[in-house]
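Visitor: Found this in TrEMBL, in case it helps:
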ACT_SITE  His552  active site, proton donor
BINDING   His552, Asn553, Ser554, Thr555, His556, Asp593, Asp718, Gln770  AMP binding site
BINDING   His556, His592, Asp593, Asp718  Zn(2+) 1 binding site
BINDING   Asp593  Zn(2+) 2 binding site
DOMAIN    225-282  domain 'PAS'
DOMAIN    476-812  domain 'PDEase'
Amino acid sequence: MIIENCGSCENCENMEHLVENEIVEEEEDDDESADLEVAAVEAINNDISRSMLHHRKSSLALTPEEEPLDINRGPNETKYGLISPTPKHHLKLLLVFAHPDPVCDSLSKAADKLGFEITTSNTNIGALDEYQAKSHDLVIVDTRAKNFDNDLLCRSIRNTKGSQHTVIIAIVRKSAFERDDVTIASLLESGFNRCLIETTNVLVCVNELIVLKHCDLRTMAQHATCQAMYTALDKCRDLVIVTDDSYKFQYMNAACERQLGLRQEDTIGKTLQEQLVYDTVQINTMGSSLLRAREWSGPMTLKRKSTQETIVSNCRAVPFSCAGRMPTHFILVFDTNSIDPSNLSQSRGSIHSIRRGSTDVRSIGSDYLRRTSLAKLNALPLEAPITKIVGLIDQIRENVGSNGQLVQLIDKVEDILKGSELYVSHVKEDFRMKTDEPVVSDLITALLSKAPQPTVTASSRRSSNDSSVFRPSRTGLIKVPAAIRDLLDTALMWEFDIFKLEDLTRKRPLQHLGMNLFNHFDVCGALNCDERTLSNWLTVIEANYHAENSYHNSTHAADVMQATAGFLEKERMKSIMEPLDEATSLIAAAAHDLDHPGKSSAFLTNSNNPLAILYNDVTVLESHHAAMTFKLTLGDERVNIFKNLDRDTYKLARHNVIDMILATEMTKHFEHLAKFVNVFCTRSSVGSEIGDQSEDYAPILTAENTTLVKRMMIKCSDVSNPTRPLRLCVEWARRIAEEYFQQTDDEKARGLPVVMPMFDRQCCSIPKSQIGFVDYIINDMFEAWNAFIDMPELLTYMRQNYIRWKEFDEQNHTTLNDIQKLQATILAPSITSSIKSD
C-alpha cells in the first residue's frame, strides 16, 4: 500500500503521525501485550486506509487543466489519481530453518499475528520447490547452521523468474554484528537483502516484520508496479522515448524499434540528434520549454536509421525530475496516428521485410519465448545461413552511403537465400570453448558437428531417457506378475521408475511397457492388427537392442516410448494428433535406436564400418535404425504390424516412423528447434480454435506443422533425462558416460581419431558434461516444449538437477566412482520419495 501526503488536510498529517508510531516499542514477551500490539497495528492500518481514501478523493477533484505541472511528483502521484501496487491481505512468508529452533518459533508466531501466510522448509531443495510453487513475498533463511548451503539457496532463488520482487532475509548470530568480519558482506553479496540478529522475543520479531512489510516489501511492490508500467509501454503503439537532460537515450519502447529501425542496445548513451531527430532546431525549441519544467508539444521530423528517410510526427514532451527542482529526464511520446502510413510500408521482398520476417533469429518480434530461445543461437558456436543473412542486412544499414557496396552485399544475401536449408547449423571454424570447460567443448562439438574432422569428429547423437504417465492397461494376451502390473499402473507419470521395471522384467522392459502403452492408445485399432502381432513385434524389436550397451539398450528405448506416451496424453497433443499419429509415434519411439552398436556415427565413419559405407557417412545410425525397423517388421508376417493397412495408409505410417527416427539426429538439433519455435511460440493473428485452445496455435492445423510437433516430441523424449527426478537423471548420466568412455578406450586402442578426448574415464568430470549439455541443448528446447505442451514439471526437475550437478562439481564428485558412491548413499531409491517431496 502506497501512502502519500497531500500536505493540505488534517487526515494526512495524522496519518504520518500514525505511521511514525506504528513500530511498537519493545516490551516483555507475553501473549497479552503481543495481542494488544497486533490490534493496534490493525487499527492503524484501518486509519491509513480511510486517510488514503480521503486523499484520493481530494486529488481526483482536480482536473488535469486545473492542476499545475509539478515535475517533482513521484511515480505514484500522477495527475489522474493514485497508481499503487495491488495490496495483499496475506503476504507469503517462507521460513527456511535446518532444524527446529526457538528463533523459528518466535518468527512464526509473530508472522501469524500479523496475518502472514506461512510456509516452512528444512532443506535447500524443499525451500526452492516451495518458492517456485508459491512465489513468496518474504523469505527468511537461518544462516547459522554450518551444514546448510545458504549461498546456494539464495542464488537459486535469485535465478528464479520473478525473484527480483522478493525480499530475502538472513538470520545471523549476534557475534556477526559485533565482530569485524566478512559474514554480513558475504551474505549480502550472495543476494540477501538484509541480515537480522537471532532473537526469541516475539515482540521484537513482530516489530522487525512490520518494518520489513512497510519498507522492504512495499519497495519491492513499487518495483513490480514499475515493471508493469514498462510492459505497458512496450505494448503501446505510440513511440515512447526517455532521455536524460542532455537528450541521451535512456529507454525506448518496442514501437520505436519496429518503426524507426533502431535497436535499444545501439542507442543507449547516444543523443537524439545523432540517432533520430532530423532538425536540431526542433530540439532547441523543445528544450527551451522542458528546461523550464514546462510541457512541450509540436511536430518533430524523425529519420529512420535503416533508410535515412524522414517522417513527421506530432510529439509531446514532458520533463521529469528524480531529485531537486531541475528536470533530470525528458519523456517524448510520438503519435503514430499522425505519421503518414505510406512511409511505413515497404515493397514486398524488401530488405526491411526480410529482416522482420519469421526467419530472423535475432530480432524476431515481441514474443518473449522466441527471444529467450532463438536469440541464444547467435551466442552459440554455430552459424547458419539465416544468421549470415541477418549479419549482412545489418551491414547494409551501416553502409547505405555506398551504392556499390550495397549491391555487393545484396548479391551475397541472394546467393545465401538460394540454398535449400536455411536452418542447418555448422560449427564455426574459429570456435573455441572456454579453456576451463574442455569436456563441454568435446561433448557439444561432437554432438553437433556434421562432418568428421581430423581430431574431432561428429558423434551420432546424445540419447536420453524419457518417461511419461500411464493409466492401467487392459488385460491382454500377455500375463504379467502382480509387481510388474502394479508398477505399470503408474506408467504415465513423469516420475515412472524405468530402472525398477528393468529389474523386474530381467532387462526386458520394452515388451511389457510397450504392450501397456499400445493398449492404452488402442494401437491395435489404429493399425487394424491383433494384439499377438503387436506383442511379437515388440519381442523382436527388443531382441535386436544390444543388452551389453550401458545406455543405448532396450531400457532406453522403453524410456523414450514412455515419455512419448506421456506427451501424447496431454490435451494439447490430443487436440491435433490422429490415432495413426499416436500409433506411429509410439512405434518410432520404441525403435528409434534399434541395433545401436554403442558407438557414435563418427566412430563408425572413422573405422570404415560397413554401416558408414552403406549410408555414405551421412546420418549413419539414424538411417540404420529406420531401415532395420522395417526390415524386421516386413520380414515376417507374424510381426508385420502394418500388414492390414491399405497402400496409402501404409505409406503415411512408414513416412511418419522414418521422419521421427531421423529427427533424433543431433546434427540437425538447432534446425528443428528454430523451426518449431518460429511456428509455435508466436501468437497467431488468425482467430481460430483448436479444441478448447485459443488462437495462439492456429498454425497447428497444417500437416507440415504437425510434423514439426512430432519431431520435437521425439527429440524431447530422447534427451529427457536431465528433466527426470534426480535419482533417474544421475543413473542415465552414469550410463551415457560409461558408453562414451568405452568408445574413447576403443578409439585409443585401435589408433582412431578420438572424437571426444575429454571423455576419458581417468579425468572426465561427469557433472561438467551434464551442466554443459543442459546449457547448450536442453534448456532452450524444453523451455519451448513446455510453452507448447504445458508440463512445468519438466523445467522444475531440470533446474533442480542443474543445481545438484553444480553442487557435485563443487564438491569434486566428478568420476564414475564418485557418482556411484553418491548413488549408494544420498541418491538411494529408498529416499527418492523424500527428494521429490522436498
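Backbone N, Cα and C define each Cβ position, glycine as well.
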Visitor: Quick one: mean pLDDT on the domain 'PDEase' (476-812)?
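Guide: Overall, the domain 'PDEase' (476-812) comes to a mean pLDDT of 90.
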Visitor: State which of the following binding-site residues has the fewest other Cβ atoms within 10 Å around its Cβ: Asn553, Ser554, Thr555.
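Guide: Relative to the other binding-site residues in Asn553, Ser554, Thr555, Asn553 has the fewest Cβ atoms within 10 Å.
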Visitor: Using only the residues recorded as binding AMP (His552, Asn553, Ser554, Thr555, His556, Asp593, Asp718, Gln770), report the maximum Cα-Cα distance in Å, whole number please.
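Guide: 22 Å is the greatest Cα spacing among the residues binding AMP.
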Visitor: What's the most sparsely packed of the recorded positions His552, His556, His592, counting other C-beta atoms within 10 A?
Guide: His552
Visitor: Please report the distance from the Cα of Thr555 (AMP binding site) to the Cα of His592 (Zn(2+) 1 binding site), rounded to the nearest angstrom.
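Guide: One finds 12 Å between the Cα atoms of these residues.
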Visitor: About how far apart, in whole Å, are the alpha carbons (Cα) of Gln770 (AMP binding site) and His552 (active site, proton donor)?
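Guide: Spelling it out, the Cα of Gln770 (AMP binding site) and the Cα of His552 (active site, proton donor) are 17 Å apart.
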Visitor: Do me a favour and check the Cα-Cα span between the residue listed as 'active site, proton donor' and Asp593 (AMP binding site); whole Å is fine.
Guide: 7
Visitor: From the DSSP assignment alone, can you count helix, strand and coil residues within the domain 'PAS' (225-282)?
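Guide: Once the DSSP states are binned, the domain 'PAS' (225-282) shows 29 helix, 13 strand, 16 coil.
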